[in-house]
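Copied over from TrEMBL, here are the features:
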SIGNAL    1-25  signal peptide
DISULFID  Cys35-Cys50  disulfide bond
DOMAIN    65-215  domain 'Cupin type-1'
BINDING   Asn110, His115, Glu120  oxalate binding site
BINDING   His113, His115, Glu120, His160  Mn(2+) binding site
Amino acid sequence: MAFSASQLLLISALFVLASWQQAIAFDPSPLQDFCVADLNSPVKVNGFACKDPMAVTPDDFFNAAKLDQPRNTMNKFGSVVTNINVTQFPGLNTLGISYARIDYAPLGVNTPHLHPRATELLTVLEGTLYLGFVTSNPNKLFSKVVKKGDVFVFPKAMIHFQMNLDHEKPAAALSSLSSQNPGVITIASAVFGSKPPISDDVLAKAFQVEKKLIDWLQSQFWENTNY
């Protein structure tokens with residue numbers, strides 16, 4: 001099938017547009033060797049302004065994160081996430097990567113959440129985890145039980161979770177994320193703990209429950225800032 005010049009031009013334009021949208025869907029590639037974040041800069045950009053390269057030191061590329069050490073998981077969920085992103089580690093700026101350690105108490109849960117700007121690759125350090133993610137509609141669940149040394153990937157912006165299956169022993173994992181600032185949206189707190197709150201009429205209709213249950217759930221999240 002032959003195409004006219006105008007049809008070829010339209011196809012080319014659509015291809016460029018699709019490629020451009022794909023390119024901006026991820027952290028922009030650096031245009032210099034590094035761009036250590038100046039966290040105190042008054043300049044507002046998509047990310048952080050660069051520190052003067054002449055003022056950069058080796059310490060800007062180092063973080064004494066102590067990720068080999070377990071964290072305190074004494075909270076209602078039985079888990080804690082130690083993030084190493086650009087706000088804790090300015091040298092990550094523009095490099096499109098960050099890191100996290102996740103500790104789980106026995107039966108602890110890293111509750112359903114998503115990272116709007118990153119894919120996550122999780123490696124189990126200790127223990128046995130039940131984990132998975134849910135796709136966009138029609139919401140298929142991909143889940144698996146993983147053990148020490150196993151690796152699992154959570155695609156970008158997919159709702160995902162982990163749970164320590166052991167009743168007695170803690171578990172731990174390390175995660176690398178494909179953004180220096182992946183962000184996190186915790187599903188339960190986003191729905192029931194937003195400020196200002198989502199109308200209980202909306203939530204009662206969405207969940208097909210009585211408004212008094214929605215009111216109670218919202219009160220729990222507003223009273224407990226640890227969510």
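Cβ atoms are placed via backbone N, Cα and C, with glycine included.
Computed from a predicted structure; not experimentally measured.
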Asn110, His115, Glu120 excluded, remaining Cβ within 8 Å of their centroid (oxalate): Ala100, His113, Leu114, Ala118, Leu122, Phe154, His160, Ser175, Leu177, Pro182, Val184
In the chain carrying Cys35 (disulfide bond), residues 6 or more apart in sequence that have Cβ under 8 angstroms from it: Cys50, Lys51, Asn93, Thr94
Nonlocal residues around Asn110 (oxalate binding site), in sequence order (Cβ under 8 Å, 6 or more apart): Phe77, Ser79, Val81, Ile102, Tyr104, Phe161, Gln162, Met163
Sparsest Cβ surroundings (other CB atoms within 10 Å) among the binding-site residues His113, His115: His113
His113, His115, Glu120, His160 excluded, remaining Cβ within 8 Å of their centroid (Mn(2+)): Leu114, Ala118, Phe133, Phe154, Met158, Ile159, Pro182, Val184
Cα distance (Å, whole number) from Glu120 (oxalate binding site) to His113 (Mn(2+) binding site): 12
His160 (Mn(2+) binding site) to His115 (oxalate binding site) - Cα separation in whole Å: 9
Neighbouring C-beta atoms (10 Å sphere around the C-beta of His160 (Mn(2+) binding site)): 22
Other CB atoms, at most 10 A from the CB of Glu120 (oxalate binding site): 22
Cβ neighbour count (within 10 Å, all chains shown) around Cys50 (disulfide bond): 20
